[in-house]
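> Feature table excerpt (TrEMBL):
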ACT_SITE  H11  active site, tele-phosphohistidine intermediate
ACT_SITE  E89  active site, proton donor/acceptor
BINDING   R10, H11, G12, E13, T14, R15, Y16, N17, R61, E89, R90, K91, Y92  substrate binding site
Amino acid sequence: MVRFGLTIVRHGETRYNKDKILQGQGVDEPLSATGFRQADAAGLFLSNVKFTHVFSSDLLRAKQTAATILGKNKFCKDLEIKCDARLRERKYGVAEGRPLADLKAMAKAAGEQCPSFTPSGGETLDEVKERARDFFEFLCQLAVELEQKEQDVHGAASRNSRTSEEQFVFPWTNHCSEAELSCDNGGVSKILDANILVVSHGAYMRNWIGYFVSHLNCTLPSDLTKSQLSSVSPNTGVSHFVIKLENGNLLKPEITCVCLNQDSHLVDVGAECVAQKVF
């Protein structure tokens, strides 16, 4: 069985986030001072997690967040950050660079509502979901190939002989119920074939997680509300999933959500953590 961890983090705040202006793909703003502080805080929160791979959207705000998080890590400061256009924010077309209120007005004029409304030149929700599906399948294939390589080189016994020092550390155990952390009777310390960090964007992440739930029957934390599930992550909000692929079967991943949009690390940052629901 292939088993890997997936940690998804939204980028830190930009001045456009603060001013409620849509960025999408066409506005490539850097992090604000607050955004860098948020990324620092997320990096400290994840500093004991031994990641094997790091992927980021190729937009500046995500790349800066990923680099800042890695800079705080005790084990993988030198990991290469691989940028992937499939992780970009949803494209908002003519609404990019304009206030969020304008998008709502466009939707109302068209007799529709956000976020399902697609402005001219923008991506539909299905198009965003397809990008997310394609990237997730790529991650699953990556994990399968890593497990096969490990088997070829060391054999099955090597997976059971690793020391506890080589197991992955999870910082969010205090934020989750015992049942959510004890999946497969091995708890979160069970050996993973990969532990992957992804830095992306709010609307994209909501769509991706929605795909996990609606199409792949992701198991959710017992206390998660529908409102929390439909909300956009706060800047540098952290979500973590454990994915199991029985017999390397890419078509039927078993996904467990350990935590969703975790933001306890932002308590002392002083930034506004409430995300708008449409972008």
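Glycine is no exception: its Cβ is also placed from the backbone N, Cα and C atoms.
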> Name the residues of the same chain, 6+ apart in sequence, whose Cβ is under 8 Å from the Cβ of G12 (substrate binding site)?
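For G12 (substrate binding site), the qualifying residues are L31, S32, T34, G35, F36, R37, Q38, A39, A42, R61, Q64, T65, T68, N235, T236.
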> Out of Y16, Y92, which of these binding-site residues shows the lowest number of other CB atoms within 10 Å of its CB?
Y16
> Please report the distance from the Cα of Y16 (substrate binding site) to the Cα of E89 (active site, proton donor/acceptor), rounded to the nearest angstrom.
14
> Measuring Cα to Cα, tell me the gap between Y92 (substrate binding site) and the residue listed as 'active site, tele-phosphohistidine intermediate' in whole angstrom.
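Taking the Cα atoms only, Y92 (substrate binding site) lies 18 Å from the residue listed as 'active site, tele-phosphohistidine intermediate'.
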> Using the alpha carbons only, what distance in Å do you get between E89 (active site, proton donor/acceptor) and R10 (substrate binding site) once rounded?
10
